[in-house]
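Below: one structure, written as structure tokens.
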Amino acid sequence: MSGTRASNDRSSHPGAGGHKRPRYDVGNKVTVILGAQWGDEGKGKVVDLLATDSDIICRCQGGNNAGHTVVVEGKEYDFHLFPSGIINPKAISFIGNGVVIHLPGLFEEADKNEKKGLKDWEKRLIISDRAHIVFDFHQAVDGLQEVQRQAQEGKNIGTTKKGIGPTYSSKASRTGLRICDLLSDFDEFSARFKNLAHQHQSMFSNLEVDVEGQLKKLKMYAEKIRPMVRDGVYFMYEALHGSPKKILVEGANAALLDIDFGTYPFVTSSNCTVGGVCTGLGIPPQNVGDVYGVVKAYTTRVGIGAFPTEQINEIGNILQTRGHEWGVTTGRKRRCGWLDLVILRYAHMINGFTALALTKLDILDVLDEMKIGVAYRLNGKRIPYFPANQEILQKVEVEYEVMPGWKSDTTGARKWEDLPTRAQNYIRFVENHIGVPVKWVGVGKSRESMIELF
């Protein structure tokens, strides 16, 4: 009888009788900054603005293939693997599980920036124990694969040769090694490292790996990073559910470089759209707050692949030279063209931008007129989508809206009213076409030249 009584005793059931079910509190939300084109939109600059009053700044995907330049007090800092918020002495920088880490690259980057004045970074950096490691042979393989592609197809992907793709390949084929493996039993790690190296050598006959030399270095790096490593899932959970905190997520690469949604195969090997934030940090979607898309006032692309609004002419040259369009990571000349709103709308469909940052508006100051790509035509017919297939994307014709240039210097503008009416019209046109407000307009290199509109 006692068993029945227990089962009828409503008080033993949470939520039964007079007891309220525990209400799930969402906790703090993260603010996300993502590239809305092919990268190099100026994400670092927006991060820098928001990082000054953030408590935690996170990276969730990619590796040191990203390049962010931040100018503080006249000093230019270059970040590849570090969140660019590492400059903020009051904030914690977190490298999430979705990031792939080349340890020599991490310390080289630290040294370079220390020489410029970065202090105590190791006290502010936390690394997820689940992040995968980029080995030197991954980088070598990256280069060898590119040579192979060039020989077989006469074209390459335009990789940064930082070993990112091969590392994500190891991760997907479940042979990769993580930070937690490096910090556990080193004999076990060494055995798995040797297997992984041999596996790559069997695929690439001319790949040389100094296994013992590498392991010696890795053992040294293990001790250097040990104090910085935490279980990333628990770290993020505490950050979200502890005291109120401002948490910023700095996306690397951009929407059209996303492994799923980008211009495949000319993409990177991770998700650089909003989904990568959840998988790369181990947080639920309800903790994603504002998502800011960063878009340049024109379009650039590094390496090969379709680029519908590209201008291989005087306009392209003006944008390239005025915009100093050279890659931070590769030093390669960027291809330039008109602003493409088909791409921007597509990026918004995937990411759900709550607002945009429109950067480098000042580069357009000298132009007599501007064109904005508003639709694609295929065989003379308007198509209502962004084509997935690269051969089709190569064939589209762009429908342009032509707008008169403002022909005046905007670099001194610090508020909306300082901008010429025609520049204001250009911005409003973008907002109305995409249906997302522009929150910042960039008219120069410094922090002060980001005009905040609301």
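Glycine is no exception: its Cβ is also placed from the backbone N, Cα and C atoms.
Look at Swiss-Prot and you will find Asp40 tagged as active site, proton acceptor. A coil conformation is recorded for Asp40 (active site, proton acceptor) in the three-state DSSP classification, outside any helix or strand.
DSSP assigns His68 (active site, proton donor) to a strand in the three-state reduction. Under the heading active site, proton donor, Swiss-Prot lists His68.
Residues or ranges marked as GTP binding site by Swiss-Prot on the basis of sequence analysis: 39-45, 67-69, Arg334, 360-362, 442-445. Within 10 Å of the Cβ of Thr69 (GTP binding site) there are 16 other Cβ atoms, across all protein chains.
What Swiss-Prot records for Asp40, Gly67 is Mg(2+) binding site, and it gives sequence analysis as the kind of evidence.
Among the features that Swiss-Prot reports, IMP binding site is placed at Asp40, Glu41, Gly42, Lys43, Asn65, Ala66, Gly67, His68, Thr160, Arg174, Asn253, Thr268, Arg332. Other C-beta atoms found within 10 angstroms of the C-beta of Asn65 (IMP binding site) number 28, with every protein chain shown included.
The feature substrate binding site is assigned by Swiss-Prot to Asp40, Val328, Thr329, Thr330, Gly331, Arg332, Lys333, Arg334.
Swiss-Prot lists 1-24 with the feature region 'Disordered'.
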Least Cβ-crowded entry, counting other Cβ within 10 Å, from the binding-site residues listed as Gly39, Gly42, Gly67: Gly67
For Lys45 (GTP binding site): DSSP state (helix, strand, coil): helix
Residue from Gly42, Gly331, Arg334, Leu361 whose C-alpha is spatially nearest that of Asn253 (IMP binding site), among the binding-site residues: Gly42
Site extent for IMP, whole Å (max Cα pair distance, Asp40, Glu41, Gly42, Lys43, Asn65, Ala66, Gly67, His68, Thr160, Arg174, Asn253, Thr268, Arg332): 34
Gly42 (GTP binding site) as reference: those recorded positions from Asn65, His68, Thr160, Gly331, Lys333, Arg334 with C-alpha within 10 Å of it: His68
The one of Thr160, Asn253, Thr330 whose CB sees the fewest other CB atoms within 10 Å, among these binding-site residues: Thr330
Distance from Leu361 (GTP binding site) back to Thr330 (substrate binding site), taken between C-alpha atoms, in Å: 24
Other CB atoms within 10 A, centred on Arg332 (IMP binding site): 13
